Amino acid sequence: MFSSWGDFAYRHRRVVPVAIIAAILLLYGLFGLRLADRMSQEGWDDPGSSSTQAAEIEEETFGRDNSGDVILMFKDEAGIANSQQFAAISDYLKSLQADHPDQIASVTSYFDKRNPNLVSQDGKTAFAAVALKGDDEQTLKDFRAIKPDLSPTFDGISVETAGATAVADALDEGMAGDIHRAEIYALPAVAVLLLIVFGSVVAAFMPLIVGGLSILGSLGVLSVLAGVVQVNVFAQSVVTLLGLGLAIDYGLFMVSRFREELDQGREVREAVRITTATAGKTVVFSAGMVAVALSGLLVFPQAFLKSVAYGAISAVGLAAILSITVLPSLFGLLGRRIDALTIRKTSRVGKRLEDTWWYRLPQWAMKHAKVVTVALVAGLILLALPLAGVKFGGINETYLPPTNQVRQAQASFDEQFPNFRTEPIKLVVTGADNAQLVDVFTQANQVQGLTGRFQASSETKDGTTVLSAGIANREDNEAVVKQLRAIQVPEGVNVYIGGTPALEVESIEALFNKLPTMALYIVIATFLLMSLVFGSMILPAKAVIMTILGMGATLGILTAMFVDGVGASLANFTPGPLMSPVLVLIMAIVYGLSTDYEVFLVSRMVEARENGETTDESIKYGTAHTGGIITAAALIMIVVCGAFGFSEIVMMKYIAFGMIFALLFDATVIRMLLVPAVMHLLRDDNWWAPRWVKAASAKMGHHHAPAPAEAAAEVVASEELLPEPAVAVAAQPRAEAEGVDKQGALPRYQKPLRDGTYHASHAAPEPDNAEAVPAETPIDQATPIERNVASRGGRIASDDNELVPFSELLKRLNEEKRH
């Protein structure tokens, strides 16, 4: 299928890029530009929780609680009550409401009736609560409409803005800054890295095309989705981060394989076909692994996680589609001009793999396999230990940088006016008479950890009463909710625990209730997919275990940083409880990225194995061919993540640093050292799978070696009746030599090079019963049989895909010919 697509892309190389690029630009123009107006600030909580039900009952009965939308604090060091600006401030607040009748519902302030509850204990600070009219997303739009008028100046008076909507606006601005930072800093840095990797301006530009188109297209898709489902504003940053990084990575793998095929002397059309059939296929299934991991987020009830999953899956899928459509067509147009505008000379032709660091590194790891395995596994487990101390919370002003003015204002307000905190705990009581209400009220006020007694937010209406109180310490939210759940509710009365603290606690509970389902789904789904890709059931099991080890180490380091505060001052954030949905999100992303690189690495190992290599040689071959590219891809992802690591929003820092650590572990310690060591210890067991798995893998096109029928046809075409020949191969088969010839002295032939020769990686021993093929033989003097058999170390694939002596296959062919 992928070969056919490669041919199609080549034949229509002028039409395909133009059509797809035009479609993406149209999608972005019609929908992507409107994304900002379609996104939501909601979706963090479990819609089926008791706290959500409490909020719905309160809103239906009393309307939305908008008392904490915007807080304006006025401070006079000489005392606010006798301030010379008292009348001016009062007039300003009246004109503020008069100037914005469509946005402001009410203004409650100390400057109206001198309510003593609205002035601080030291008498220096008083506040005004500005209630906005809008609901949901309109609230933020209303705030932005009045925002220019929220910075008045009065002599001797400092004015600060706080409130739930002001904090939401600051978070939203920080996320918008992340996108801008990625565009300004990440893309140029990635371009420089690609120039270093490829040494050619044209080649380096190819992955950037995929990255840019992927972002435009995914934002368009996200906007379309926002018209159907709720899409959280946070999704845009995650989509940009993942989409840009993976799209460039996929482009990197495609360009590298195309240039490799050209270096082997392929014609352009053949190089395009092979690139699409190999790297293109790997890209598609790799993207499938990432998409499966991200789809695990859909099991959770929070709309935030669902919207991120929708956007990220569309970005990854689009990146893969562009890689196998636009890029092969551009390859066909450019041909060997892909190396045009060279900035440095490269020497790729004829370079021995054995001379590369990526070949010697796994060789060293396999030589010390037991020590490497034990040391690295122990180290990864140790790094995961801090995860035991993880703490969870909700999104609040502490997710902003310490220097942010809104954050500072909110912290000051909470400290000076604890009874008016913008995130109180609430009890929504329905169906209670006065005596029953007093009973509930009395029990509620015995709860420990409150800033004061529960108070009725308003008079009872339609049999519903709302009681509210502040929680002294956010970290005690769970303990307070647990105590409130223990209240003995009178018969016939319903008590719903609500407010922001309850929403956060129940959201965390919902996440951990669904987490086992997500983990089981992702592990099983990726295991089955990798089994089909690799034609093995051992390799996927190994991949899952190593991914879990790497993810545990990553989460351990993140906990040490963001909860315990290691390096917090350097990274400019305040440590504290993590937002539980973000932890789940980083787990899905890290798992997806790990399987992504696993597919690229092990696919080349499987390719070598199917071409007759021993297990150890397959490991070294796969690592040598992909080590440099995987490292370059990881560096590019780290650069993109690094741009988001400077985010003003703690949750984006968490995701960015999580991806950086995961990439460092995965592309170095795990893929280059632990994988070779463990596979060496497993030896031929690596390739085990039931016949039905191997058959299913072959049907899906995951088979790199020439099929037995093709090999037989090639042989029969050269001889009318095949004699028992003295085949020009080493007498000792590879599989028998493995573990005996530790120097790897058996011949391993590479593909033909541009100069018309092909090389053996080691000098072949002189066999007693055959004439050895020279280490370097002109292509026109080597028969197809010699090339085919030599590449397999004396063996060839039989009908059941097992390697058998070539002479045995010839006997079978002769028997079939005679009959």
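Glycine is no exception: its Cβ is also placed from the backbone N, Cα and C atoms.
These numbers come from a predicted model, not from an experiment.
Taken from TrEMBL as is:
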- 46-361: domain 'Membrane transport protein MMPL' (DOMAIN)
- 475-691: domain 'Membrane transport protein MMPL' (DOMAIN)
- 757-782: region 'Disordered' (REGION)
- 15-33: transmembrane segment (TRANSMEM)
- 185-213: transmembrane segment (TRANSMEM)
- 233-253: transmembrane segment (TRANSMEM)
- 283-304: transmembrane segment (TRANSMEM)
- 310-335: transmembrane segment (TRANSMEM)
- 371-390: transmembrane segment (TRANSMEM)
- 518-536: transmembrane segment (TRANSMEM)
- 543-563: transmembrane segment (TRANSMEM)
- 583-603: transmembrane segment (TRANSMEM)
- 624-646: transmembrane segment (TRANSMEM)
- 652-674: transmembrane segment (TRANSMEM)
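Residues of the same chain lying 6 or more positions beyond the ends of the transmembrane segment (185-213) and with a Cβ under 8 Å from any Cβ of it are 20-21, 24, 243-244, 247-252, 254-255, 259, 318-319, 322-323, 326-327, 330, 334, 337-346, 632, 635-636, 639-640, 642-643. On the 0 to 100 pLDDT scale, the domain 'Membrane transport protein MMPL' (475-691) averages 90 in this prediction.
The transmembrane segment (543-563) makes no contact with the transmembrane segment (624-646), as judged by fewer than three Cβ pairs under 8 Å among residues 6 or more apart in sequence. Tallying C-beta pairs under 8 angstroms between the transmembrane segment (652-674) and each of 233-253, 283-304, 371-390, 518-536, 624-646 places 624-646 first.
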